[in-house]
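Swiss-Prot has this to say about the protein:
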BINDING   Gly79, Asn110  anthranilate 1 binding site
BINDING   Gly79, 82-83, Thr87, 89-92, 107-115, Ser119  5-phospho-alpha-D-ribose 1-diphosphate binding site
BINDING   Ser91, Glu226  Mg(2+) 1 binding site
BINDING   Arg165  anthranilate 2 binding site
BINDING   Asp225, Glu226  Mg(2+) 2 binding site
Amino acid sequence: MVKEFLKKISEGKHLNFEEAREIVLSIDREEITEAQLGAILLGLRLKGENPEEIAGFVDVLHEKAKKVPNKTPAIDVCGTGGDKSNTFNISTAVAFTLASLGIKVAKHGNRAMSSKAGSIDVIEALGFKCSDNPEEIAKDIDDKGIGIIFAPYFHPVVGKAVKVRRELGIGTIFNMAGPMLNPANLSGQILGVYSEKVMHRMAEASLILKKDNILFYHGKDDGIDEISLSGKTVFAYLKNSKIDYFEFSPEDIGVKRYQREDFNGGDAQENAKILENIFKGRAKEAHIDIVAVNSAFALWVLGKVKEVKEGFDMVKDHIMKGKVYEYIETLRGKTA
């Protein structure tokens, strides 16, 4: 079976949904050699992973994941990474900002792969630990407003492919599947993607899987997996079994355009310091504005605001008053 799939991929043909599922099941059953897996991942990358293949991978990986049983549906804010942009951890800042506004957040993340600091590295640098207990994380979401989901604890099948992926040293279909695998009960998701082409494929894969209320985006002018304030952002919004495509520029909501370099980050400690300053409302305006605009789109996806501009103004005011930092200190147990 695996050899048949390899032959098909080597001829530049796409796998169908069931064939893609079968590859992941073979990884789980350990019926595929490292050489075969490496060849399949590279072959898919060279011909270009199509929506059915992505959907097949996601379907099994999510099926096999340990689930987080939060009672109140939550939102996830994450990105594919792989944009080589060295921005600070914007989606992590957005996650805590949303939680401080009373929005339930299930932050699904990992350590750094290609960047200097992954979301989990920064969350730990902020003083928070990651639990491997699904019930504990669900309780954090329901009671505290945010739960941190460290991906490797919850996706055993992904773990079986880590060695091959590391040796390949390139982005593979797993990089697209990863952000689509949040094991919590979700009400919506905003998901940054490193390429516009891949964004379209991921949106179409989610449609195949009958997912709903996911906003995919890509910073078109600067190539980042965030909603950009230094250029145009393109979107694919999956809602009610339909994908809508649209664009956004900072000027649309009266925000000035910044330089791409204004959002540069560093290692986990440096990025944690940037986030602390944002939470206190004492950061550079560029940092506060990009967190506010990404948060505003999340509020829009959840139906909490009618217009992104309304959300932006509300979030920026909230940040400037130090409300996010007050919430962070409560999570740390430093205030009543």
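Backbone N, Cα and C atoms are what each Cβ position is placed from, and that goes for glycine too.
Its Cβ placed at the centre, Asn110 (anthranilate 1 binding site) has 19 other Cβ atoms within 10 Å. Minimal Cβ crowding within 10 Å, among the binding-site residues His108, Arg165, is found at Arg165. Around the Cβ of Glu226 (Mg(2+) 1 binding site), 28 further Cβ atoms fall within 10 Å across all displayed protein chains. Rounded to the nearest whole angstrom, the C-alpha distance between Thr87 (5-phospho-alpha-D-ribose 1-diphosphate binding site) and Gly79 (anthranilate 1 binding site) is 12. A straight line from the CA of Asp225 (Mg(2+) 2 binding site) to the CA of Arg111 (5-phospho-alpha-D-ribose 1-diphosphate binding site) spans 16 Å. For the binding-site residues Asn110, Arg165, Glu226, a Cα-Cα cutoff of 10 angstroms around Ser91 (5-phospho-alpha-D-ribose 1-diphosphate binding site) retains Glu226. The shortest Cα-Cα distance between Arg111 (5-phospho-alpha-D-ribose 1-diphosphate binding site) and any of the binding-site residues Gly79, Arg165, Glu226 is the one to Gly79.
When the binding-site residues His108, Arg165, Glu226 are compared by Cα distance to Gly79 (anthranilate 1 binding site), the shortest distance belongs to Glu226. Asn110 (anthranilate 1 binding site) and Arg165 (anthranilate 2 binding site) have their C-alpha atoms 15 Å apart, to the nearest angstrom. It is 25 Å from the Cα atom of Glu226 (Mg(2+) 1 binding site) to that of the residue listed as 'anthranilate 2 binding site'. Between the CA atoms of His108 (5-phospho-alpha-D-ribose 1-diphosphate binding site) and the residue listed as 'anthranilate 2 binding site' there is a gap of 20 Å.
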